Amino acid sequence: MAANTISLSNVAASKNLNSFQSRAFIAPPTIFFPVASAKSKPGELSLSSTTLSRSRVRAGASQLMNEPLNDQRSISSPTVVEVDLGDRSYPIYIGAGLLDHSELLQRHVHGKRVLVVTNDRVAPLYLDKTIDALTRGNPNVTVESVILPDGEKYKDMDTLMKVFDKAIESRLDRRCTFVALGGGVIGDMCGYAAASYLRGVNFIQIPTTVMAQVDSSVGGKTGINHRLGKNLIGAFYQPQCVLVDTDTLNTLPDREMASGLAEVIKYGLIRDAEFFEWQEKNIEALLARDPAALAFAIKRSCENKADVVSQDEKESGLRATLNLGHTFGHAIETGFGYGEWLHGEAVAAGTVMAVDMSYRLGWIDESIVKRVNKILVRAKLPTTPPESMTVSMFKSIMAVDKKVADGLLRLILLKGPLGNCVFTGDYDREALDATLRAFSKS
């Protein structure tokens with residue numbers, strides 16, 4: 001293995017993860033995750049598989065997997081996935097109706113001043129409920145809010161300044177708490193504002209989309225876009241907690257629902273083959289918003305994300321593998337225009353391109369290529385980039401990707417059986433060129 005290659009292996013858990021039936025959850029098997037191998041060669045990080053060393057899910061006697069989500073659940077036992085970062089660890093709460101339980105949110109509010117950052121689509125639906133949850137029985141807390149325009153094209157410095165304007169005009173001090181109420185764009189912008197305002201204030205994530213609930217709200221990546229590339233300006237800044245109220249998905253547009261599934265599918269491809277097999281059996285249930293299926297997918301995705309972040313918070317190696325399809329996908333978003341495609345749509349097409357390149361390199365079996373294409377089509381996601389994307393556009397945009405090191409473009413590619421991937425710059429450039437020519441104009 002080359003020195004600039006990181007390999008992530010998957011060990012299949014027990015083979016009896018049955019297909020989802022009705023509204024009863026299938027109890028999940030043990031999940032196996034990678035750790036750094038003691039046998040690594042000098043200059044090489046080799047990752048092998050081991051069982052998850054500590055439980056990241058704290059729930060009541062009955063796990064969320066084993067019961068219908070629409071049952072009334074006690075607030076004393078929500079499903080909790082822990083992001084283990086030492087003294088900066090925080091919980092991800094998962095369940096239905098969590099915004100109705102003010103004590104769960106209030107325990108993570110610091111100080112008496114709160115700024116809720118949301119957008120003009122989410123505000124009419126959940127802003128009042130969130131303010132009520134923050135202030136109910138707690139008259140000493142005052143809440144300000146700033147409502148931003150919705151969409152990826154507004155994830156920029158001009159829009160970010162509106163958050164700072166509101167915070168400064170409201171004279172918020174260092175003991176205030178910022179609350180991100182919305183999808184990935186709001187979470188990224190609010191988190192970056194919290195990281196920057198007065199050199200850092202507390203913040204809470206309340207994600208309202210599948211995309212944000214399974215991926216962007218977890219792990220502390222915050223930031224904004226630049227006209228030359230996506231997420232080029234930002235910081236790693238962890239929240240106090242992530243509160244996933246699955247009831248917020250009831251108002252999510254179908255296109256946004258499908259977009260979020262691209263990130264769910266990603267986890268199965270790079271590190272959790274058994275989860276991918278479950279997805280193949282249950283993708284229609286997820287699209288239909290079956291509450292039990294969604295709860296399982298969200299929990300399992302968060303477990304995977306939390307484990308990776310706990311091992312590699314600042315994306316020095318392992319965490320980069322979570323970007324399968326994102327290098328191609330970010331190029332699509334930048335080249336086609338921010339907001340023209342949803343993030344998950346671009347990632348889906350980018351994933352197909354990464355899988356195609358992996359196959360051209362001889363690293364995966366053709367059956368994996370077919371399975372990836374099939375599940376993305378069933379998920380109502382695109383499998384090719386927009387026709388306007390050209391080879392030169394891909395190359396020029398990918399040249400400024402965050403994963404470029406010393407002028408070398410490093411990619412996340414599949415290698416070996418399903419559930420295995422590498423983060424590497426050691427690949428035949430002709431395979432990349434062939435993939436770009438196959439999916440875009442010369």
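Residue positions begin at 1 at the first shown residue.
The backbone N, Cα and C atoms fix where each Cβ goes, glycine too.
Per Swiss-Prot, NAD(+) binding site is recorded for N119, 150-152, K155, 183-188, 208-209, K221, K230, 248-251, K305. Residue environment of E152 (NAD(+) binding site) contains 21 other Cβ atoms, counted within 10 Å of its Cβ in all protein chains.
According to Swiss-Prot, the feature divalent metal cation binding site maps to E263, H326, H343. Around the Cβ of H326 (divalent metal cation binding site), the number of neighbouring Cβ atoms within 10 Å comes to 26.
Residues or ranges marked as N-acetylalanine in Swiss-Prot: A59.
According to Swiss-Prot, the transit peptide annotation covers 1-58.
The CA atom of T251 (NAD(+) binding site) is located 19 Å away from the CA atom of H343 (divalent metal cation binding site).
Sitting within 8 Å of the Cβ centre of E263, H326, H343, and not among those site residues for divalent metal cation, are the Cβ atoms of M211, D215, S216, A262, K266, N323, G325, G329, G344, A346, V347. Of the candidate binding-site residues, E263, H326, H343, the one lying closest to G184 (NAD(+) binding site) when CA atoms are compared is H343. Secondary structure at T248 (NAD(+) binding site), taken from DSSP and collapsed to helix, strand or coil, is helix.
Counting other Cβ atoms within 10 Å of each Cβ, the binding-site residues N119, T209, T248, T251 show the lowest value at T251.
Using a 10 Å radius centred on the Cβ of G187 (NAD(+) binding site) and all shown protein chains, the other Cβ atoms total 30.
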